[in-house]
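Here's what Swiss-Prot has on this protein:
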type     : residues                                                                  : note
DOMAIN   : 1-91                                                                      : domain 'ATP-cone'
BINDING  : Asn5, Arg6, Glu11, Pro12, Val13, Ser14, Phe15, Asp16, Gln17, Thr52, Asp56 : ATP binding site
BINDING  : Ser215, Asn425, Glu429, Thr604, Ala605, Ser606, Thr607                    : GDP binding site
SITE     : Cys216                                                                    : site 'Important for hydrogen atom transfer'
BINDING  : Asp224, Ser225, Ile226, Lys241, Arg254, Arg261, Gly262                    : dTTP binding site
ACT_SITE : Asn425                                                                    : active site, proton acceptor
ACT_SITE : Cys427                                                                    : active site, cysteine radical intermediate
ACT_SITE : Glu429                                                                    : active site, proton acceptor
SITE     : Cys442                                                                    : site 'Important for hydrogen atom transfer'
SITE     : Tyr737                                                                    : site 'Important for electron transfer'
SITE     : Tyr738                                                                    : site 'Important for electron transfer'
SITE     : Cys798                                                                    : site 'Interacts with thioredoxin/glutaredoxin'
SITE     : Cys801                                                                    : site 'Interacts with thioredoxin/glutaredoxin'
Amino acid sequence: MYVVNRKGEEEPVSFDQILSRITKLSYGLHPLVDPARVTQAVINGLYSGIKTSELDELASQTCAYMAATHNDFSKLAARISTSNLHKNTSSDIGDVASQLYNFKDNQGCPAPLISKPVYDFIMENRERINSKIDFSKDFEYDYFAFKTLERSYLLKIDNKVVERPQHLLMRVSCGIHCGDIEAALETYELLSQKYFTHATPTLFNSGTPRPQMSSCFLLRIPEDSINGIFDTLTKCANISKTAGGLGVAVSNIRGTGSYIRGTNGRSNGLIPMLRVYNDTARYIDQGGGKRKGAIAIYLEPWHVDVVEFIEIRKNHGKEEMRCRDLFPALWVPDLFMERVEKDQDWTLMCPDECRGLQDVWGDDFKKLYEEYEKQGRGRKTMKAQKLWFLILQAQIETGTPFICYKDAANSKSNQKNLGTIVSSNLCTEIIEYTSTDEVAVCNLASIGLPKFVDKNNKTFDFDKLKEVTKVITRNLNKLIDVGYYSLKECKKSNLRHRPLGIGIQGLADCFMMLRMPYESEGAKKLNKQIFEVIYYAALDASCELAEKYGPYETYSGSPASKGILQFDMWGVTPDSGLCDWDLLKDRISKHGIRNSLLISPMPTASTSQILGNNESFEPFTSNIYHRRVLSGEFFVVNPHLLNDLLELGLWDDRLKQNIIANNGSIQNILTIPEDIRELYKTVWEIKQKTVIDMAADRGPYVCQSQSLNIHMENANFAKLSSMHFYGWKKGLKTGIYYLRTQSATRPIQFTVDQQLLKSETKEKDSLETNKRQALEPEAQKLIACPLRPTNMKDDEECMMCSG
């Protein structure tokens, strides 16, 4: 048997050579990672004539599939792939920049992949940049992170990767701080150490000829006309092609059967229009297949087409009424929630016949809405609860619609001086003002919280958190000035209001590293402290920028200009002692702030996997599972749990099979100590009241909003209704992003070794009984809610499809 080396020469397969290569890459890994075992597994998969680069890929995949034994196999898999990448790429940033800048397309025309200013900046500082890049950090990613980077983030020429991960981070840093080498190197150092990451569009596009680095865009259709609808559609397409996610407000579009003055005809309503937007979302992908375009559509629940709207993602019904590539979202006024709670009537209206409802909130909305009701302008009157239960049914089946609370969003916004905010964004964490000539924009970054934990002393470094947050604030503010805008309306909005979106990832990891169960008082306290410090540091940096460059254009009249910060709007007084709020308020009163908005904990699906953290502020969904993304499917084990079980001498194949059989839960495995079981509860075992409480606790320091998912086993109307009302009464701006559900009935698990589990069947049955008894009163623990549907049993099974 032979292999073909990179020179095209045939060589006999050598066990010792493969073993030597794998051994060199196994430094610092757990003893369970046995290079000889890995080598033998690789040898077993060889065929004669395999190329050495293919041999590396085979070795890497072999290790990846062994990651269920220990996560260090995933690290070894990544190291093999990284080593292979390093063999095929230059280490010199100047060489890489030259390849990218001098690229020509298939017709021989110049098609540079990085901009001339960035290329010139890199070449001017080539020697210094090369001296600062640490390629050993490329070997710190796990396999899942590396394959994600390789598939979507590292720049390619003719489908061949030419960047290394450290080159990517340096390109991003130079793209942001072109002309300022000190700031670029500061950013690179923090990015490479995984203290934070910029959002996916920034990683995609920073340093390129068209550096569209913003993540979120909010639009309203300017007028209910062919021109208004299709001009907005064109804007959506142009934004989506450069990796932007969209939120579009459509509450001003006339409903089904409405009179059309220009043609003397009748409108087909909202859904046929949305199908055109749906097809656009399907057609546009974000930069050559990196990820699909995505659009959330926001509608207020008084709209006459609301019933059809909330069902657009259902799997059944008339196909012409379905838009499964859009994400329906409701922009809910308090008046609707009040009428649902009191079981009162609710009137559906057409915005063409009842004008202005979208543009008012609070008492003004209530006054106008009730005036239209008195005048008999409504199209249809129904029980508010009937519509409510249709919403709940759609959520149970599809995970949507998202729900944001219009009055909370407007009353607690630092942009309230601009006008009424009419929607959120794709992921419900951005809440910004839009108008007919402004498309709201936001640039995002997320902080890798586990980097601030000292595991030995069980402490959290708040001083370092302040330092990193201030760097992020300066970076995001710089993005506003150096970014590319595909629309003049985007540029106008971003330059006038200068909003930022700083989020987090790995909060659940922090709790585990500090030995704090997610529901513990310690976790609740740390959650508040982290967000207070982030908000303080971001405001501090923004004030420093305002001192240098002046406040943002529309600062005058904003709550901040009157000394009112986010926690003041919640009626909360910070009491951690970690921040000098009086001093900061005094400075803001003198200099203002450079950015209208600052904090918005967003989903971090891709970037958290690159950094190796759990998503956002979410609890772990499982302790052992497969993860599927564009780059493939990978086995993931909770690394914190695995380390604890190894230290206790409990980790073996039988325990692994037992955890798989329990769907990633360890609550029913009595061989694991109780304190460990408490620490590693999954999101399905954590009271969602706690999740909502923690969202409300951080709310006073979140000046935009937060992507709040709700997870529920055996979802029914009573439990779901209780959670919605609990969150609304806690003052949340975002009531729910996705509803994630699962049934108590599990599919047959063909991958589980049943023989290993037979001896534990009795123990499991007993514990399952105890678990059911403990979970049954969950709804009562949340909030006493009198609502009951008349057409569906409370215990009807969940029918959720993918969200």
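Each Cβ is built from the backbone N, Cα and C atoms, and glycine gets one as well.
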### Message
With helix taken as DSSP H, G or I, strand as E or B and everything else coil, how many residues of the domain 'ATP-cone' (1-91) land in each class?
### Response
51 helix, 8 strand, 32 coil
### Message
Return the average pLDDT for the domain 'ATP-cone' (1-91) as a whole number.
### Response
91
### Query
How long is the line from the C-alpha of Ser215 (GDP binding site) to the C-alpha of Asp224 (dTTP binding site), rounded to the nearest angstrom?
27
### Task
Have a look at the recorded positions Gln17, Asn425, Cys442 and say which one has the shortest Cα distance to Asp224 (dTTP binding site).
Asn425
### Query
What is the one among the binding-site residues Lys241, Arg254, Arg261 whose Cβ has the most other Cβ atoms less than or equal to 10 Å away?
Arg254
### DSSP three-state assignment (helix, strand or coil) for the residue listed as 'active site, cysteine radical intermediate'
coil
### Query
Between the recorded positions Asn5, Lys241, Cys427, Tyr737, which lies closest to Ala605 (GDP binding site), Cα to Cα?
Cys427
### Task
Under 8 Å Cβ to Cβ from Asn5 (ATP binding site), same chain, six or more residues apart: give me those in sequence order, or none if nothing qualifies.
Glu11, Lys51, Thr52
## Note on the structure
Same chain, |i - j| six or more, Cβ under 8 Å of Ser225 (dTTP binding site); the result in sequence order is none
### Message
If you count other C-beta atoms within 10 angstroms, which of the binding-site residues Gln17, Ser215, Asn425, Ser606, Thr607 is the most crowded?
### Response
Asn425
### Query
What is the maximum Cα to Cα distance, in Å and rounded to a whole number, among the residues Ser215, Asn425, Glu429, Thr604, Ala605, Ser606, Thr607 annotated as binding GDP?
19
